[in-house]
């Protein structure tokens, strides 16, 4: 079993640890204990790392195309390594979920998320596994753009860091069991 795990976000220090970058944050958390480092790969327009977990080859990528063109990196990577959508898991933020909630899905629409829209457009299907991390909706009169590109307040930051630990455990559980549905049942919520 070879897997491609994609975290969505925007490249650059300006966007580091913003709400829209929880996909990048999740990958950083997952690979940290593996003693591997992401490196820039211009061919795929992504930061990439490959490693073996439980004897299986696992690729992690963070597209550097900016969110709205994430699908370009995903399509190129899948094609180059002859992987299928069944090998793909995408981790990203979700405005419609409470901060810190996790939802595993096996397919579905983009739900207004431009990174997911781009992936669906580029790979030609919405039938791929995903892990959504709730970031909540803006309060008051803040625009959605300013909200998702903003950092978490202190309370939500603690919640998100705990959530990232849960995502790390869930991904590792999945890589051991090779059963996304079982992982969904155990970790959704």
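Including glycine, each Cβ sits where the backbone N, Cα and C put it.
Pulled from Swiss-Prot:
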{"type": "ACT_SITE", "residues": "20", "note": "active site, proton acceptor"}
{"type": "BINDING", "residues": "15, 66, 68, 114", "note": "tRNA binding site"}
{"type": "SITE", "residues": "10", "note": "site 'Discriminates between blocked and unblocked aminoacyl-tRNA'"}
{"type": "SITE", "residues": "93", "note": "site 'Stabilizes the basic form of H active site to accept a proton'"}
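Known features from Swiss-Prot, placed on the structure.
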residue	record	Cβ neighbours (10 Å)
10	site 'Discriminates between blocked and unblocked aminoacyl-tRNA'	23
15	tRNA binding site	18
20	active site, proton acceptor	23
66	tRNA binding site	16
68	tRNA binding site	12
93	site 'Stabilizes the basic form of H active site to accept a proton'	25
114	tRNA binding site	16
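Distance from the CA of residue 93 (site 'Stabilizes the basic form of H active site to accept a proton') to the CA of residue 20 (active site, proton acceptor) is 6 Å.
Rounded to a whole value, the Cα-Cα separation of residue 93 (site 'Stabilizes the basic form of H active site to accept a proton') and residue 114 (tRNA binding site) is 11 Å.
Across the structure, residue 66 (tRNA binding site) and residue 10 (site 'Discriminates between blocked and unblocked aminoacyl-tRNA') place their CA atoms 5 angstrom apart.
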